[in-house]
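What TrEMBL records for this protein:
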type     : residues               : note
ACT_SITE : Glu297                 : active site, proton acceptor
BINDING  : His296, His300, Glu319 : Zn(2+) binding site
DOMAIN   : 20-189                 : domain 'Aminopeptidase N-like N-terminal'
DOMAIN   : 224-440                : domain 'Peptidase M1 membrane alanine aminopeptidase'
DOMAIN   : 521-839                : domain 'ERAP1-like C-terminal'
SITE     : Tyr381                 : site 'Transition state stabilizer'
Amino acid sequence: MAASAEQFRGQARLPRCASPLRYDLRLCPDLAACAFSGSAAVDVAVSAPTRFLVLNAAELADLAPSEVAQFEEDEILVIGFDKDLPIGEGVLKMDFTGTLNDQMRGFYRSKYEYKGESRNMAVTQFEAADARRCFPCWDEPAFKAKFKLTLEVPSDLVALSNMPVIKETVHGPLKTIYYEESPLMSTYLVAIVVGLFDYIEGSTLEGTKVCVYTQVGKSNQGKFALDVAVKSLDLYKDYFATPYPLPKLDMVAIPDFAAGAMENYGLVTYRETALLYDELLSSASNKQQVAITVAHELAHQWFGNLVTMEWWTHLWLNEGFASWVSYLAVEALFPEWNNWTQFLDETTSGLRLDALAESHPIEVEINHASEIDAIFDSISYDKGASVIRMLQSYLGAERFQKALASYIKKYAYSNAKTEDLWAVLEEETGEPVKDLMTTWTKQQGYPVIYAKLDGHDLHLEQTQFLSDGSSGPGLWIVPITSCCGSYDAQKKFLLNSKTDKVHIDFTTSQSAEGDKGQNSWIKLNIDQTGFYRVKYDDELAAGLEKAIKAKKLSLNDKIGIVEDSYSLSVARKQTLTSLLRLLNAYRNESDYTVLSHVTSVCLGIDKISVDATPELCRDIKQLLINLLLSAAKTLGWDPKDGESHLDVMLRSLLLIALVKLGHDETINEGVRRFHIFVKDRKTNLLPPDTRKASYLAVMRTVSTSNRAGYDALLKIYRETAEAQEKSRILGSLSSCPDKDIVLEALNFMLTDEVRNQDAFYILGGIGLEGREVAWAWLKENWDHVLKTWPSSSLISDFVKSTVSRFTTEEKATEVSEFFAGKIKPSFERALKQSLERVRISERWIESIRSEPNLAQTVQELLQHGV
């Protein structure tokens with residue numbers, strides 16, 4: 001048997017000769033012993049002669065039947081029979097045991113406090129390939145089956161699964177709960193949660209019951225998410241023209257949770273920060289985060305759960321769509337949040353990652369289960385969502401919606417590939433969707449469009465944009481949009497060759513005097529709906545700069561211009577000098593969405609200037625502070641009655657940026673307010689929205705000989721029960737300029753006072769002063785880190801946040817040498833991307849040092865730019 005079972009070793013996917021129709025599962029978690037036992041009876045359809053059943057299992061023991069080969073590295077189980085199985089249906093029965101692990105994947109345990117004592121809850125997290133850690137199964141999205149679950153749990157606990165309970169029988173300390181059978185679904189969406197909870201409930205217009213489960217005593221913090229959930233379900237039912245497919249929807253806050261949330265069918269799990277909102281304790285950005293996360297997970301109930309990707313290569317169909325459509329829902333629910341402009345945060349992060357040579361196409365080949373985790377990244381989510389927005393914008397909202405509804409109807413309860421979606425869209429609209437979109441999903445990267453004006457002709461040329469300044473070989477079919485002097489007359493066409501030219505009619509933009517110079521500007525990629533960058537010639541760039549000062553451009557276009565200029569500067573396609581001049585045009589800006597991009601560009605310039613031009617670094621800081629100061633002074637530290645949600649967000653954004661840029665006045669005020677807050681936690685001088693700025697200000701002033709601020713923050717951390725407050729503090733501790741304090745913060749992360757899921761907050765807070773000590777710390781603790789944070793998303797954070805902050809080839813070599821022989825698929829891509837970022841920074845620094853007019857420009861802008 002063992003010899004002939006060898007044929008199944010090392011295969012990317014399971015053989016197709018047998019598939020499951022229905023699982024009857026019984027699970028008994030033992031929360032005290034951190035273990036579980038279970039049994040499965042699976043109805044299996046054999047479609048081709050075979051002597052073997054091949055399915056997935058990992059970290060499970062006591063498996064019967066007898067003739068079994070387990071290939072641990074492939075996580076498969078091969079069951080051999082004496083002769084070929086008859087074609088048709090049979091039942092496979094198995095008993096097994098497993099551990100309730102502490103790694104936030106499979107069937108795991110999460111700690112919570114109840115009446116002062118620590119307890120375990122049992123939770124599942126199966127995406128991508130971890131259902132196999134709970135029960136033996138065909139653990140691939142295309143093997144959809146029906147699931148009938150039975151749980152045996154302590155009588156006093158709440159036990160939830162995907163479907164409603166049919167009946168419950170109690171036997172003393174234990175109860176057995178029987179759940180309704182599910183519709184056809186993939187294994188990664190099966191879910192179980194067992195613990196002590198309070199809940200609140202609501203109902204959709206169709207009468208679907210929606211519940212939010214929280215830790216005991218926190219149910220009022222679930223109200224906001226419940227409201228968003230009910231309204232989103234109603235909205236999606238209309239948008240996809242298909243009712244919500246299940247009888248109920250539960251949403252649960254889990255204290256230990258690796259991702260942000262998980263869309264399990266009918267039982268969505270969240271980390272607490274992504275589901276709970278408290279008027280008094282949460283910030284405006286927390287509120288937004290909850291709304292967008294809930295809308296994202298509920299979009300999956302259609303896009304992902306009802307229609308599921310055929311294989312992980314098509315993950316972006318799940319994630320890109322859920323991200324895009326969550327903005328659509330939140331825009332409808334909270335129009336005052338200006339959500340489609342905030343969507344450019346997603347586009348920006350997609351563009352930044354995809355400008356690396358070590359990026360990957362949206363559709364990426366997956367040859368082993370160990371590779372899946374690493375593609376849950378900004379390409380699948382943010383680039384995925386952005387190319388969908390580009391396509392919707394090209395096809396028009398109405399045609400696009402109709403086609404999506406047809407696609408959902410056609411593939412409901414089954415699986416689809418990317419080309420299936422293109423085929424439906426093409427059929428419904430008659431547009432060349434497949435040819436257009438294949439250039440965006442099957443090749444990595446995106447173009448920069450060079451725009452040059454020659455008389456009335458605008459010459460366009462596309463070339464693949466890379467942050468290292470080289471140009472890649474890619475060619476795209478690019479939906480180009482343009483306008484001249486006004487948004488009234490817009491042109492739109494497909495650029496499907498390397499070069500092209502457009503005739504520009506200046507009459508629309510001429511002033512009464514017929515003067516085309518003063519008033520004319522040409523903007524490509526209107527409102528940034530396209531996933532590409534634009535490099536304007538000097539004349540066109542000057543026109544846009546004037547248009548920004550004259551307030552002629554939309555918010556989205558102002559964002560696009562500053563983001564493109566920053567990236568072109570990093571890639572050495574324009575000077576830092578010209579970028580600083582452009583930024584000066586934004587000095588009277590007061591809109592949150594625009595300033596959130598301007599501040600991120602300012603902080604990027606500040607970081608590079610420390611290494612590139614130490615002698616100018618103080619003046620550059622002052623220049624960037626001047627740019628943000630007037631908006632910050634207008635808002636001040638204290639909230640105003642009736643101010644907008646976006647102004648509340650802006651206050652926090654600007655104060656944090658000014659603290660990071662070292663603005664003394666802001667730092668002193670932050671420290672002053674902190675001291676009052678420490679004495680009186682209810683003071684209105686430090687509401688949740690300005691706390692992060694204050695905590696960062698305190699940490700700027702802390703040192704080994706003056707550590708009271710650090711200790712005060714730790715005390716607040718230990719006393720608060722709020723996950724959002726804990727995350728604010730963790731994100732501040734490591735930002736200290738004193739290396740010994742940074743080391744202390746990193747070691748604090750290894751104690752059991754910090755949940756493993758929260759490590760990334762401390763890692764994310766490390767500043768330039770802490771980079772050397774953080775790298776030394778990582779080398780020393782690497783084996784422990786790898787064991788404690790095995791999943792790709794968590795281990796990648798350690799690599800990215802320590803390596804990416806360096807800017808020399810010498811350091812890149814040192815990092816490569818350390819990791820030689822230690823590389824695993826879970827962080828290989830993150831490491832390559834981080835090393836590439838180091839080398840990009842080094843080249844940018846060289847280029848900045850050779851700019852002849854930088855020092856002079858900085859002085860000019862300092863004197864006249866106010």
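The backbone N, Cα and C atoms fix where each Cβ goes, glycine too.
Remember, predicted model here, so these are calculated numbers, not experimental data.
Using a 10 Å radius centred on the Cβ of His300 (Zn(2+) binding site) and all shown protein chains, the other Cβ atoms total 24. The record gives His296, His300, Glu319 for Zn(2+). Within 8 Å of the mean position of their Cβ atoms, the other Cβ atoms in that chain belong to Glu263, Glu297, Ala299, Phe303, Gly304, Asn318, Phe321, Ala322, Ser323, Ser326, Tyr381. Look at the recorded positions Glu297, Glu319 and count other Cβ atoms within 10 Å of each Cβ; Glu319 has the fewest. Annotation: no recorded positions among His296, Glu297, His300 have CA atoms within 10 angstroms of the CA of Tyr381 (site 'Transition state stabilizer'). Taking the Cβ of His296 (Zn(2+) binding site) as reference, residues of its chain lying under 8 Å away and at least six apart in sequence are, in sequence order, Ala261, Glu263, Ala322, Ser323, Ser326.
Taking the Cα atom of each, the residue listed as 'active site, proton acceptor' and Glu319 (Zn(2+) binding site) are about 9 angstrom apart. On the 0 to 100 pLDDT scale, the model's mean across the domain 'Aminopeptidase N-like N-terminal' (20-189) is 94. Counting every protein chain shown, the Cβ of Tyr381 (site 'Transition state stabilizer') has 23 other Cβ atoms within 10 Å.
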